[in-house]
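Colleague: Handing you a structure now.
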Amino acid sequence: MPVYSASQGDILVLRQPDDWHVHLRDGGMLHAVAGHTARQFARAIIMPNLAPPVTTASAADAYRARILAAVPEGLSFEPLMTLYLTDNSDPDDIEAGFADGIVTACKLYPAHATTNSAQGVTNINAIYPVLERMQRIGMPLLIHGEVTDPDVDVFDREKVFIDRVMQPAMRDFPTLKVVFEHITTAEAADFVESGPPNLAATITPHHLQINRNAMFAGGIRPHAYCLPVAKRERHRLALRKAATSGSPKFFLGTDSAPHEVSAKESSCGCAGIFNAPVAMESYATVFEEENALDRLEGFASEHGPDFYGRPRNERWIRLVKQDWAVPALLETGNQRIVPYHAGATLKWRFDGIAG
Ligand SMILES: NC(=O)N[C@@H](CC(=O)O)C(=O)O
Ligand SMILES: [Zn+2]
Ligand SMILES: [Zn+2]
């Protein structure tokens with residue numbers, strides 16, 4: 001078993017990756033999607049934006065059990081649970097959940113920034129006691145980094161968030177571990193790269209592959225709509241540079257966010273791209289295009305566990321260079337979901353656990 005990334009012609013063997021940002025939902029949807037993530041990834045940071053949101057350690061524990069029950073037999077998968085912060089979050093409950101190993105991190109959704117964020121934080125000052133506690137106990141804060149001010153253009157909301165919220169928070173909590181989730185701009189990549197080692201970022205496959213034109217290619221394309229919304233080409237290029245740079249501050253987080261096809265193809269369609277079935281295939285394509293396949297393992301399998309202070313996985317996966325066609329629609333039970341790259345032919349295929 002190789003303990004290094006070995007590109008042998010058309011087969012790439014690498015340490016099993018983890019997904020540091022995923023939405024698995026609940027109920028029938030959870031059962032439809034859990035296997036897609038558990039097939040490729042050993043662990044995943046589970047987003048807490050259910051309805052109602054996961055705000056307590058006991059709710060996180062119960063959700064964790066439902067996830068494990070939904071993972072198909074034969075797959076070994078560890079869900080890492082997060083708590084959804086509100087203006088009323090209790091530092092003691094958070095600390096107890098972290099100390100018990102039930103929860104790994106807390107998630108900051110600015111109220112009304114994205115899917116199921118209505119109960120999110122209205123003003124970061126409201127959670128300063130929580131952040132103080134998290135800094136003290138070494139618990140990571142995961143941030144959806146967009147302002148919600150309707151006067152700010154939707155394409156500028158991440159950039160403005162850096163100035164209005166990120167900078168002051170990093171100043172006031174200089175040793176707090178922070179993950180700037182699903183970054184979409186050159187400004188965010190620069191901010192993270194030039195920040196302290198306790199600041200990192202996840203990058204999705206879709207923000208590495210599409211720019212905002214994808215939402216309007218010949219008509220309105222709801223399946224390319226997610227939040228933060230894809231930006232101009234120069235931002236996509238900056239993200240590709242950051243992801244493939246080898247910097248330990250950038251790591252894999254798919255932000256796989258499934259919605260029923262009817263909720264996407266609607267006069268007010270939901271934000272989110274379901275990329276779990278094609279996650280490693282998409283990242284491998286990007287890294288190959290950037291002549292950086294030798295850096296895929298760092299981004300996918302090393303920088304994340306290192307940042308979170310967890311061991312790297314001791315299993316290996318295989319990716320093969322082989323064309324395959326992504327289904328136009330996935331139907332599981334009552335769930336109908338259009339996957340990322342629906343109907344396209346991909347050049348890489350995930351081929352399971354190696355050896
Ligand atoms: N990314 C998305 O477009 N949607 C996510 C929420 C989020 O991560 O902001 C969802 O839960 O649907
Ligand atoms: Zn988000
Ligand atoms: Zn997300």
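From the backbone N, Cα and C atoms, a Cβ is placed for every residue, glycine too.
In case it's useful when we look at the structure, here is the feature table from TrEMBL:
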DOMAIN    19-311  domain 'Amidohydrolase-related'
BINDING   His21, His23, Lys107, Asp255  Zn(2+) 1 binding site
BINDING   His23, Leu24, Arg25, Asn49, His144, Leu227, His259, Ala271  substrate binding site
BINDING   Lys107, His144, His182  Zn(2+) 2 binding site
MOD_RES   Lys107  N6-carboxylysine
ACT_SITE  Asp255  active site
Colleague: What other residues of the same chain, not counting Lys107, His144, His182, have a CB atom within 8 A of the CB centroid of the Zn(2+) 2 site?
Modeller: His21, Met47, Leu108, Tyr109, Thr114, Leu142, Ile143, Gly145, Glu181, Asp255
Colleague: Going by a 10 angstroms cut-off between Cβ atoms, which of the binding-site residues Leu24, Leu227, Ala271 has the sparsest surroundings?
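Modeller: It is Ala271 that, of the binding-site residues Leu24, Leu227, Ala271, has the fewest other Cβ atoms within 10 Å.
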Colleague: Other than its own, how many Cβ atoms are within 10 Å of the Cβ belonging to Asp255 (Zn(2+) 1 binding site)?
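Modeller: Its Cβ has 25 other Cβ atoms within 10 Å.
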Colleague: What same-chain residues, at least 6 away in sequence, bring their CB to under 8 Å of the CB of His21 (Zn(2+) 1 binding site)?
Modeller: Ile45, Met47, Leu142, Glu181, His182, Thr202, Thr204, Gly253, Thr254, Asp255
Colleague: Take the C-alpha atoms of His144 (substrate binding site) and His23 (Zn(2+) 1 binding site) and report the distance between them in angstrom, rounded.
Modeller: 13
Colleague: Just the number: how many Å between the Cα atoms of Leu24 (substrate binding site) and Lys107 (Zn(2+) 1 binding site)?
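Modeller: Leu24 (substrate binding site) and Lys107 (Zn(2+) 1 binding site) have their Cα atoms 15 Å apart.
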Colleague: Which whole-number value in Å describes the distance between the Cα atoms of Ala271 (substrate binding site) and Lys107 (Zn(2+) 1 binding site)?
Modeller: 18
Colleague: Can you see whether DSSP assigns His21 (Zn(2+) 1 binding site) to helix, strand or coil?
Modeller: strand
Colleague: Between Leu227 (substrate binding site) and His23 (Zn(2+) 1 binding site), what is the CA-CA distance rounded to a whole number of Å?
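Modeller: Computed Cα spacing between Leu227 (substrate binding site) and His23 (Zn(2+) 1 binding site) is 13 Å.
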Colleague: Around the Zn(2+) 1 site recorded as His21, His23, Lys107, Asp255, what other same-chain residues have a C-beta within 8 angstroms of the site's C-beta center?
Modeller: Val22, Ile45, Met47, Asn49, Leu142, Glu181, His182, Gly253, Ala257
Colleague: Is any of His21, His23, Leu24, His144, Asp255, Ala271 (binding-site residues) within Cβ reach of ligand 1, i.e. under 6 A, and which?
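Modeller: With ligand 1 as the reference and 6 Å as the Cβ limit, the list reads His23, His144, Asp255, Ala271.
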